[in-house]
Structure formats: structure tokens, C-alpha cells
């Protein structure tokens, strides 16, 4: 909702809102990691598998293998289909990028733990050895994937996608403006076709809409946004018209 409400509050309210939500997000992440860590020290479950660590290791390996295969079955076919729709080689997802996407999604966390406890325990407790093995195996996969895969993600990106030297200098000189390196979904204030350039094709069918650059989709969204959303919710770019009075942008 910040696309609309951000322009309707004072500067002090913006600062307060930004830091308040950042604090709430930080507290939520701490709670999640504490929850996972406390479950990892659930001695009741580990006692069930203490007499057969080999079986627990085998189950953990199978689960980890399923995570690897499942993620690959999701990323590579969809990347292949996406590349079929893009004519320019620069727009296609390279194989190195596909590996990074595959690797970055291998980390398991609190959701996996919650699902395992919901499925194999009753009120957080179980007396069945098979259920305890599934719980401890899930804990092992979560800790291993978070520690190993998480720590290796950044070196893998540096290896497969080395940043150009000029981009590295720009990032180091402007550490507080990461948005300058991306094309925002909702550009500027008014819906103009000039910012898209004269050579951007306008789609006349669903197939053309899917195969044209993303700026074209954004153009249609901006038209809808200015016509229906901003008159109701406000936001930068919408100028309400009142007969006999000067028009001012909403929220200013």
C-alpha cells in the first residue's frame, strides 16, 4: 500500500513508519530463529533416534536429495520455457543464473519445521519412533541447508556471476541507493508513453503482450492505476480536478 499511502503522510510519519516496520520485521525474524533453535534442542525427539543414528542420517540424506531434485524440477523447466519466449539473448536466463536461482532456494527454515511438527506430533509430543525420526531428520536438513547452502550462496554468486568493475565501484560509492540499479514496477508520476521510447512495440494480442518487454506491461498497469486506483486511494501522479479551484496532487 506504500505506493498510495506513502505520498499522503508527512515526512516525520514516513520515517516513523519505516523504522517501526523494520523493527517489527527484525523481531519476527529473531522469534523465528529462536523457535527453530529451540526445536533443534528438543531432547525428547533425539532420544528416540539415539540408538540408530545411521537410520536418521539416511532419512536426512533422502530428504535433502528430494529438496535438491524438487527445486531443480521447478527452476530449470520454467527457465527453459521463459527463454523460449525471449528473442534477445540478453533477456534470457543463462545457465549460471539458473544454477544460482536453484541454489538460493534450497534453504529450509521455520515453515519446514512447523509442517513437520504439525504432521508428526500431537501438541508437540510424540511417542512413535518413526515420527521422531522424521522430526529430527527435518531439523538436520534445516540446520544443514541454512548453514552450508546459506554460507556458500554469496561465494557461488561471485563465482558464477562476477560483477563488472564499474558496477562494483558504483555500488561501493552509493551504498544507500540500491534502487538506482533496478527498473521500478511503477515509474514516475504521470502516465506518458514518451518514457518508454518510440520503438517499444504495443501488443495487440496475448501472445504479443507476453513476448514484448516488461515496460509494455507496466504501461498498461499505469493506465489502469491512474484511471481507477489512484482516484480512490491517492498517491503521487493523480491530480484530482475540482471545477473553479486549482488542482493539486493528492497527498501534497
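For all residues, glycine too, the Cβ spot is worked out from N, Cα and C.
TrEMBL assigns the feature transmembrane segment to one of the listed ranges (20-38, 39-57), namely 20-38.
Per TrEMBL, the stretch carrying the note transmembrane segment among 132-152, 153-173 is 132-152. Residue counts for the domain 'Cation/H+ exchanger transmembrane' (9-157) by DSSP state, with H, G and I taken as helix and E and B as strand, are 122 helix, 2 strand, 25 coil.
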